[in-house]
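What follows is a single structure, written as structure tokens, with notes after it.
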Amino acid sequence: MNLAREDVAGRRGVDVSNGRDVRGEDEKNQDIEAGFKASSESSDSFSIISSPQPCYDRGIWRSTTLDNFGIDSSGLANDTTTAAPQTPRALEEAMNTEFDIKWGGTDDPDNPLNWSLLKRVSILSTVSLQALMVVFYSTSYLSGSPGMMKEFGIDSSITITLGMTTYMVGLGIGPLILAPMSELYGRRPVYLISLFLFLVFVIPTCVAKNYATILVVRFFVALAGSVTLSNAPGTLGDIFNENQRTLAFSIYNLAPMNGPALGPIIGGFVYQGAGWRWTNWLVLAMAVVLFATSFAIPETYAPVLLRQKAERKRKETGDDRYISRFCHKDGEDDLWTLVRTNLERPLVMLFTEPICIFWHLYLAAIYAVLYLCFTSYPIVFSEIRGWGPGISGLAFCSIGVGVALAIALEPVSRRIYQRHKIDPATGKRPPEARISGACFGAVLTPVAMLWFAWTCVPNRIHWIWPVLSGVPYGLGNTLIFLHGNIYLVDSYDVYAASALAGHTVTRSILGGIIPLFGPKMYSSLGPNWAATTVALITAALIPIPWAFYKWGAKVRMRSPILLRLQKEKEERGE
């Protein structure tokens with residue numbers, strides 16, 4: 001399993017090395033040379049994890065150099081507002097010259113892939129901690145809910161859970177609106193601005209005088225923090241080569257996948273010892289430290305670095321013919337164009353693509369059940385078994401163990417994937433080969449939930465049994481997400497960005513809404529039957545991954561977008 005293809009928050013990495021593809025066949029990102037051959041329609045697929053595109057696909061571009069090449073007969077205008085090359089061949093003629101700025105091989109110190117291992121590991125550590133902080137704050141909030149209810153006079157458990165709902169909605173829609181900025185300005189400024197806004201918006205939650213302030217501000221905190229999640233996978237793809245990426249992404253995934261479980265563990269002890277406001281002050285302190293350390297993160301996005309390298313060359317030589325093939329777009333509507341595409345295509349695919357319809361529904365339901373645990377565990381361990389806030393949070397450790405176990409099993413998943421036959425038509429294994437892990441996780445998850453349902457109460461059943469049920473639950477849940485996401489990526493190729501964007505929106509919204517009904521359901525049905533009901537719902541969804549494992553190829557043949565993509569590839573002779 002190649003975790004570099006994941007979007008556990010959103011973005012595929014791109015390697016640019018002398019115009020050659022330095023990645024394995026398993027990664028289909030469009031790079032420099034592939035972009036030359038892509039049609040305008042297919043390559044303009046900007047979204048949360050889109051690839052950088054060459055100039056001819058991006059409208060009118062700032063041209064300090066193209067008019068000096070004198071290739072107007074091939075599609076380059078020869079005026080002061082030079083239009084971008086109108087054909088792939090024209091762009092190749094303009095670019096493949098001595099003035100085409102590329103990386104200088106394995107000794108080029110400007111190429112992020114050539115940076116020292118210590119420098120790259122420090123970047124990995126920083127972006128992982130940023131992701132951990134953002135998802136940690138989504139659940140640590142609930143640890144202090146008893147204190148907030150008492151201080152603000154809130155009687156309804158549904159009302160207090162709304163704070164998590166607004167946060168989850170912000171995490172879902174944030175990347176759609178803000179992520180395109182990294183394509184224009186690079187990853188570093190996006191990190192710095194988003195982290196600064198994150199810590200600024202956390203401050204009102206620390207000193208709030210009413211609950212309405214917390215509800216509103218948490219949405220904007222998540223909106224700002226979501227960009228760090230969508231930016232991180234792209235950053236890792238920038239700095240680690242094909243052989244290093246699997247390990248790098250496995251290490252990174254430990255942060256966003258364990259963050260929700262760490263929230264109630266640490267938050268519970270903080271609330272118990274210092275009060276609910278300190279669960280927010282803790283996150284603010286984390287944000288300040290990570291914001292300061294982020295200044296040490298250099299720019300890693302290859303198109304931005306190559307544009308800067310070309311600009312330096314022009315200044316050094318006084319020759320305006322030096323240019324990067326990733327030249328800047330001219331026009332004030334550039335950012336709006338990217339945002340509009342980010343918003344439109346995921347929604348269209350969500351309602352028209354069979355794969356997206358079923359997988360978004362399934363993954364969102366599994367995600368919602370995960371966040372339902374953050375309301376049900378306190379009911380079982382704190383209210384019924386009488387544990388304190390800190391000790392009851394420790395019950396989530398078992399889920400974290402399951403997550404870690406799923407990531408540790410990555411070599412096994414890879415071997416299972418490699419046993420599938422290669423499709424002669426494509427020269428690759430079919431996307432359905434990725435689903436085997438999700439199929440196993442689909443069965444394991446409801447089994448673990450039934451285990452929890454009938455051991456959580458009565459109290460005469462030892463507490464170790466409901467706690468241990470979290471291990472298979474965390475394992476199954478993580479397998480579903482890892483393999484489900486990569487199946488979407490493999491299926492939709494250059495449109496994978498939009499497929500994952502739609503998934504991010506649906507899972508975040510559902511993950512924020514479903515937990516609202518947890519307290520009422522547990523009080524009405526009782527812990528045993530409430531948990532059983534949720535387990536039966538997830539069991540009813542088991543056929544989805546198994547059906548796609550068996551008939552997924554036939555479903556893909558009926559996909560309007562994939563049919564169009566196949567036609568475009570045939571026209572290009574790929």
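Cβ from N, Cα, C; glycine included.
Straight from TrEMBL, the features:
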- 1-31: compositional bias 'Basic and acidic residues' (COMPBIAS)
- 123-574: domain 'Major facilitator superfamily (MFS) profile' (DOMAIN)
- 1-45: region 'Disordered' (REGION)
- 121-138: transmembrane segment (TRANSMEM)
- 158-178: transmembrane segment (TRANSMEM)
- 190-212: transmembrane segment (TRANSMEM)
- 281-306: transmembrane segment (TRANSMEM)
- 355-379: transmembrane segment (TRANSMEM)
- 391-412: transmembrane segment (TRANSMEM)
- 433-454: transmembrane segment (TRANSMEM)
- 460-482: transmembrane segment (TRANSMEM)
- 494-517: transmembrane segment (TRANSMEM)
- 529-549: transmembrane segment (TRANSMEM)
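Counting Cβ pairs closer than 8 Å and at least 6 residues apart in sequence, the transmembrane segment (281-306) and the transmembrane segment (190-212) reach three or more and so form a contact. Sequence-remote contacts of a segment are chain residues at least 6 beyond its ends whose Cβ falls under 8 Å from one of its Cβ atoms, and for the transmembrane segment (460-482) they are 1, 3, 6, 8, 253, 257, 261, 362-363, 366-367, 369-370, 373, 380-381, 385, 395-403, 405-407, 413, 437-438, 440-445, 447-449, 451-452, 545. By the Cβ criterion (under 8 Å, sequence separation of 6 or more), the transmembrane segment (158-178) is not in contact with the transmembrane segment (529-549), since fewer than 3 such pairs are found.
Taking Cβ pairs closer than 8 Å, the transmembrane segment (190-212) reaches residues 127, 130, 134, 137, 148, 152, 154, 159-160, 163, 178, 181-182, 218, 220-221, 224-225, 227-228, 231, 277, 280-281, 283-284, 287-288, 290-291, 294-295, 297 in its own chain, all 6 or more past its ends. Outside the transmembrane segment (529-549), and at least 6 residues removed from its termini, the chain residues within Cβ reach (under 8 Å) are 355, 358-359, 361-362, 365-366, 369, 372, 376, 432, 435-436, 438-439, 442-443, 445-446, 449-450, 452-454, 456, 480, 484, 487, 518, 521-522, 555. Under 8 Å from some Cβ of the transmembrane segment (355-379) lie the Cβ atoms of residues 139, 142, 157, 161, 164, 168, 260, 263-264, 349, 392, 395-396, 399, 445, 449, 473, 477, 480-481, 484-485, 487-488, 491-492, 499, 502-503, 506-515, 518-519, 522, 527, 530-531, 534, 537-538, 541, 544-545, 548, 552, 555-556, 559, all in the same chain and six or more residues away from its ends.
Confidence in the domain 'Major facilitator superfamily (MFS) profile' (123-574), given as mean pLDDT, stands at 87. Here the transmembrane segment (391-412) has long-range neighbours at 1, 3, 143, 246, 250, 253-254, 257-258, 261-262, 264-269, 373, 377-378, 381-382, 385, 441, 466-479, 482, meaning same-chain residues at least 6 beyond its ends whose C-beta is under 8 angstroms from one of its own.
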